Amino acid sequence: MIKYGYPLIDETNTNHYPNRKVRIPSYHKTLGYIVFALCYYTFYLSSFTSAGNLTAETVSTYSNYSYDNVLYVSRICKTTKFRKVPRSKYDRTTERQIPRFDHFCVWINNAVGEENYRFFGLFIGVHMGMLGYGFWASLMCIRWVCERDSLWSSKYYSVSGGEPIDASWKVVLKYLGYHELPLCGLVILAGAMGFVMAGFVAFHLYIAARGMTTNEFFKWRDVKAWHARAKKRYENAKPEERGPKFDISKAEYEMVGVERDVGCVSVGSSEALNDDADAKDDDEVDENLVQDPGPLPKNIYDRGIWENLGEVIWPRSLREKKEGQGGGQSGENAASSTKKKKTKKKKKN
């Protein structure tokens, strides 16, 4: 853009073309450098900001969520050998237990989790804006070339000779592809990648607003698939083959058993709860009976759009660090204990 587009921007601001219809203000040259710098800055932030590191010493800092007994149950992590905090996952690439793990991003070569997800969101948002802006700017430069050279009113001749050819979309695009190939390539690249990036940004806005991570999004997809199969089996079973409702609170395992490797462009395999799953600690349930899965479990981490987005912008673990409130309390317990302290102070006064 700097080599092929900026000279054309200068042309649209000269007095050599008084009757021009296309004009690209010269401040776009400065704005281009600013956008370029923002891309690098957000890349730096998302690449070098830690997602958070769960260790035996920092468990209390990151224990800010409750177990839902659907995606997460209280158990010892087989790899790290300490209690697995809700919404965390061991990342095999960085070899760390990541709090509120989202995915490992190959583009920034960093795990995305609780403490850097906001910078990752800023990174993809800025790049989406850059691609959209680049698409518009390069397209305007091509429009200027069409106007400057009167491409739509010119006659064209084939290299093999023959009669002149009138302008058409096919002829003009062929001409531009030969004479303005870098700018045409930039329009195609920025347009295609901008469309892909917009979809990526929309996906992350959606899951953030719903109180989910990428890791949890795919886990919930497995749970929904299991629930649909189990519900169908129960409905198709004979009355004498039907058992009681499946009690999730009594299950001694996560409904999604084997962890996935979640990345930007691919998702590893996962072993979802099989069709014959039972509440295994209920001795009264006959294994031959088909249990009713009941209603689809709810996402207890979804607290409404604004609170969900607030947890992305200001993560709970950073609040704990700032306020000095550790001790393994959940967000709700920490809030209730603070209220009790205030009440005691009032009584003393």
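A Cβ is built for glycine as well, from the same backbone N, Cα and C atoms used for every other residue.
A TrEMBL annotation is a machine prediction, not a hand-curated record.
Quick look at what TrEMBL annotates:
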TRANSMEM  30-48  transmembrane segment
DOMAIN    74-220  domain 'Palmitoyltransferase DHHC'
TRANSMEM  119-146  transmembrane segment
TRANSMEM  183-207  transmembrane segment
REGION    272-297  region 'Disordered'
COMPBIAS  273-289  compositional bias 'Acidic residues'
REGION    317-349  region 'Disordered'
COMPBIAS  338-349  compositional bias 'Basic residues'
Cβ under 8 Å, sequence separation of at least 6 from the ends of the transmembrane segment (119-146): give me the contacting residues as numbers and ranges. 1, 4-5, 8-9, 11-12, 20, 22, 24, 28, 31-32, 35-36, 38-39, 42-43, 45-46, 49, 102, 105, 108, 112, 152, 172, 176, 179-180, 183-184, 186-187, 190-191, 193-194, 197-198, 200-201, 204, 208, 312
Looking at the domain 'Palmitoyltransferase DHHC' (74-220) alone, can you tell me the average pLDDT? 92
